[in-house]
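Annotated in Swiss-Prot:
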- 50-408: region 'Methyltransferase' (REGION)
- 72-289: domain 'Alphavirus-like MT' (DOMAIN)
- 525-581: region 'Disordered' (REGION)
- 542-552: compositional bias 'Acidic residues' (COMPBIAS)
- 682-838: domain '(+)RNA virus helicase ATP-binding' (DOMAIN)
- 711-975: region 'ATP-dependent helicase' (REGION)
- Gly714, Val715, Ala716, Gly717, Cys718, Gly719, Lys720, Thr721: ATP binding site (BINDING)
Amino acid sequence: MAASAFNIHKLVASHGDKGLLASALVDKLAHEQLEEQVQHQRRGLKVYIRNALDVKDSEIIRDRYGGKYDLHLTQQEQAPHGLAGALRLCELLDCLDSFPRTGLRQDLVLDFGGSWVTHYLRGHNVHCCSPCLGIRDKMRHTERLMTMRKVIVNDPDTFESRVPDFCTLPAEDCKVQAHFVISIHGGYDMGFKGLCRAMHAHGTTFLKGTMMFDGAMLFDTEGYLADLKCKWKKIKPRTYESEDQTPLLSRISDNLTTTIKDHTLIAFDFVDESTLSYVHKWENVKSFLTDQTYSYKGMTYGLERCLIQHGIMTYKIIAVPGTCPPELIRHCIWFTSLKDYVGLKIPVSQDLVEWKTVRILISTLRETEEIAMRCYSDKKNWLEQFKVILGVLSSKSSTIVINGMAMQAGERIDTSDYHYIGLAILLHTRMKYEQLGRMYDMWNSTFIRKFFASLTRPMRVFLSACVKTLFPTLRPRDEKEFLVKLSTFVTFNEVCQVDLDAEWDVISSAAFTAEMAVEDGKRLAEDRKQKAEAASQIPVDEIPDDTAESSDDTPREADTNQKSEPSSPELETLSTQTRSPITRLAQRASSMLEYSAYEAQLHDNAVSNLDRMWCMAGGDKKNNRLESNVKFVFETYHIVDPLVNVHFPTGRWLYRVPEGISYSVGFNEHGIGPKADGELYIVNADCVISNSKCLADTTLQYLAPTGTISLVDGVAGCGKTTAIKKMFNPATDVIVTANKKSALDVRQALFNCTDSKEATTFVRTADSILMNDTNEVQRVLVDEVVLLHFGQLCAVMSKLKAVRAICFGDSEQIAFCSRDASFDMRHSTIIPDETDTADTTFRSPQDVIKVVKCMASKALKKGTHSKYASWVSQSKVQRSVSSKAVASVTMVDLTEDRFYITMTQADKTALRTRARELNMSNDFIEHRIKTTHESQGVSEDHVTLVRLKTTKCDLFKAFKYCLVAVTRHKKTFRYEHVGKLDGDLIAECLARV
């Protein structure tokens with residue numbers, strides 16, 4: 001929020017609030033500041049607080065986070081400790097905002113002890129370490145599974161592709177690496193040193209967290225966090241609270257079977273609520289109040305307390321590499337609640353032998369003493385004076401009348417203490433009165449008074465100053481028996497020094513992160529600069545203009561006789577090739593390394609997801625068994641992924657295996673891999689084809705290819721597959737596709753069958769070539785190349801030792817898409833040596849030309865070049881598109897002569913279910929109902945696009961998805977939709993044609 005350079009209040013005070021000029025100026029500045037605040041609030045992140053909060057709680061949360069977030073207090077539901085829960089959400093978002101983002105994706109962040117379902121619902125790139133330390137943790141995991149299941153059932157379009165990212169391992173045992181971590185009230189069970197050890201295990205350099213805080217914990221045994229309405233209390237080992245109603249036998253059993261009571265505990269109880277309380281070891285909580293640094297395995301971790309407000313402390317821990325010279329680290333803990341109090345010693349019991357110190361307001365003590373002094377008299381019985389003091393302390397009115405004078409009553413005193421407090425005040429007052437009287441009598445009767453009276457005033461002032469300097473604490477000694485001055489803060493001093501003989505092995509640090517970011521930025525800038533010069537540096541032969549229509553089946557002489565790139569003895573690995581002065585070679589090596597890392601990440605993700613499910617079902621790393629509630633746990637996962645299943649040693653599956661599905665691997669205590677029929681193991685969709693590890697390892701075995709890559713970038717239906725058929729020469733070529741569906745289509749078009757030896761030999765997927773033996777070829781023909789990662793294309797060329805790759809695709813249709821949103825993808829786009837464009841379609845009817853041009857003008861940014869802006873059609877069909885509103889899936893016109901497309905898997909599943917209800921053929925259900933992504937490359941006479949939801953779906957706004965959907969047909973296209981969807985690009989453009 002912008003701050004004004006003027007102080008409005010001072011301006012009014014100096015110029016007068018009634019002056020016309022001053023008033024106008026003040027009004028203008030006030031309006032500007034208000035406008036800035038409103039605009040800032042509109043730009044801020046909207047945070048919806050569903051917990052019902054009273055007025056005071058609402059002010060507290062707005063006071064702490066109202067300036068940062070656009071808070072919406074919806075008052076939807078009554079929740080336990082509502083303010084604490086609402087603050088916890090804001091604390092989580094605040095801590096996440098402390099860390100950098102890469103583009104639109106946030107860097108991977110760890111969460112120690114957090115709620116993984118919160119991150120799942122918001123789509124955060126966060127891995128949660130949520131160990132099951134007891135039954136309470138298992139209860140929370142079960143509750144979160146139910147929450148996940150509910151949101152998936154209610155909104156499958158949004159959550160069907162999300163996978164919760166968490167593990168059930170303690171933070172110190174988890175091996176996920178990340179620079180940043182948050183701990184929202186997760187440090188109570190770990191302590192400061194435990195958090196540091198966990199940070200070291202994860203290679204983390206920066207932690208930000210929150211916890212409940214009260215400085216009085218350092219000297220009191222119990223206290224109260226007023227804003228949070230939370231009472232805390234220390235529980236000493238082997239002792240019992242007076243409120244503890246646990247049966248005696250249970251207490252004895254607990255003492256014999258557990259060691260938790262060997263430590264002093266601290267309990268947090270929320271007042272007027274019967275929810276479960278929080279109990280932690282006091283030594284762990286205390287460490288955040290007293291500790292400052294911790295050295296562990298070559299790293300020094302420093303704790304800094306950032307903000308303490310409304311009973312919540314925000315802190316950060318930063319890992320520091322290198323030798324640390326000696327430095328005095330000092331911090332203070334302030335007790336703001338004590339500034340208005342004084343300690344008063346009172347008797348514990350009636351025998352007046354034992355005494356304790358209680359806190360009492362200074363104003364109460366002062367006013368009570370004043371009343372006591374007014375009523376004090378040697379002739380009055382002490383009991384009468386005692387009654388007067390007790391009357392003041394126990395008064396229910398805001399004012400009391402003593403000797404005809406109105407006085408303010410003090411703070412309410414605990415009923416069990418106020419008698420003793422009154423006695424202590426009486427004794428203290430009497431002692432003061434008598435001591436002062438004796439001092440005056442003694443002073444008045446001595447020669448010192450007469451001596452001082454004879455001195456001049458300057459001399460008296462000088463002697464008084466000398467006495468004060470020599471005797472600064474001159475006061476009645478016995479006063480300390482009743483009053484104790486309470487310090488408003490405590491300090492902790494520590495000398496931090498780390499001196500190692502060897503250099504520290506810094507896994508990751510903030511400096512390293514910054515250095516890498518700078519290097520990446522420079523490298524990207526250099527790549528952009530050299531792209532324009534790449535063609536002139538490495539001259540290549542041009543493809544003739546009639547490539548798409550050429551019927552010459554023999555390879556061109558320039559292809560077979562192309563000179564190879566000069567190789568250097570130093571370029572023996574992909575890593576060294578990335579530093580090659582030949583830009584093209586460095587780009588290809590970088591893309592191959594990225595593709596290998598990406599496939600390895602997919603494999604690790606699959607293992608992590610399976611391991612999480614195995615642990616959630618009660619499995620471990622030693623025994624081949626799961627808990628009895630396995631169906632309850634896997635029900636939720638089965639909704640997200642229908643291929644999630646459990647294989648029992650008897651050969652039985654928990655769910656029926658879908659027809660045509662065969663699992664190649666499974667997961668149990670031995671990890672992922674092929675399993676025997678007599679084993680207990682779990683599976684999911686990643687277990688059907690588990691080839692990521694093999695693809696990652698195979699790619700690293702080859703160097704970047706030096707051959708020429710040519711791209712024919714054609715519009716939909718321009719005859720790319722026809723051109724491949726004409727160019728194919730079995731003596732020198734192999735045809736590569738991105739997926740199995742495309743391979744089957746090309747085999748059918750080329751050989752009129754899909755499973756013959758010739759068809760499977762000459763038309764193969766890129767995965768098949770990398771994973772299996774294959775013959776070397778001179779030329780590779782690639783269909784739908786935009787669906788391939790550039791690194792995989794290079795790996796295929798390198799394995800086949802091809803000198804040329806002729807690639808066909810549409811750069812404006814759906815391209816390669818990462819299945820891991822956290823992976824920083826930079827080199828996936830194909831970088832050809834030469835490009836030819838085809839802008840004539842033979843498939844799409846004439847009215848589709850207008851529809852696509854309309855979509856391009858609406859969806860693409862102004863100034864974006866698109867070949868569809870000038871594309872033309874050779875089709876004789878003039879009118880093909882239509883739109884139809886339907887009430888539900890039962891109203892969709894399903895016929896086996898049409899091809900059906902959906903944007904989402906949920907709509908696809910609904911259509912297939914409806915087709916089964918109508919007893920339609922399995923061939924139609926399996927092969928003629930597809931998603932848009934699965935339909936890329938398909939060509940059909942009659943196509944129907946179906947939308948069954950009106951909930952927000954960004955795919956209907958994306959030009960590339962809408963383009964694929966409306967360009968699959970030759971004769972007719974029908975858009976059947978339920979209701980109206982805001983931003984529906986296809987519906988808007990169909991209405992204009």
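Positions of Cβ are set from backbone N, Cα and C atoms, glycine also.
The average per-residue pLDDT of the prediction over the region 'ATP-dependent helicase' (711-975) is 91, rounded to a whole number. The DSSP secondary structure for Gly717 (ATP binding site) is coil. When the binding-site residues Gly714, Gly717, Gly719 are compared by the number of other C-beta atoms lying within 10 angstroms of their own C-beta, Gly719 comes out lowest.
Using the Cβ center of Gly714, Val715, Ala716, Gly717, Cys718, Gly719, Lys720, Thr721 for ATP, the list of other same-chain residues with Cβ within 8 Å runs, in sequence order, Phe808, Asp810, Ala838, Thr841, Phe842, Arg843. Taking all protein chains in view, 25 other C-beta atoms sit within 10 angstroms of the C-beta of Cys718 (ATP binding site). Cβ neighbours of Thr721 (ATP binding site) (same chain, under 8 Å, six or more residues apart in sequence): Asp745, Val746, Ala749, Asp783, Phe808, Gly937. Counting other CB atoms no more than 10 Å from each candidate's CB, the binding-site residues Val715, Ala716 peak at Val715. With a 10 A radius on its CB, Lys720 (ATP binding site) counts 22 other CB atoms from all the protein chains.
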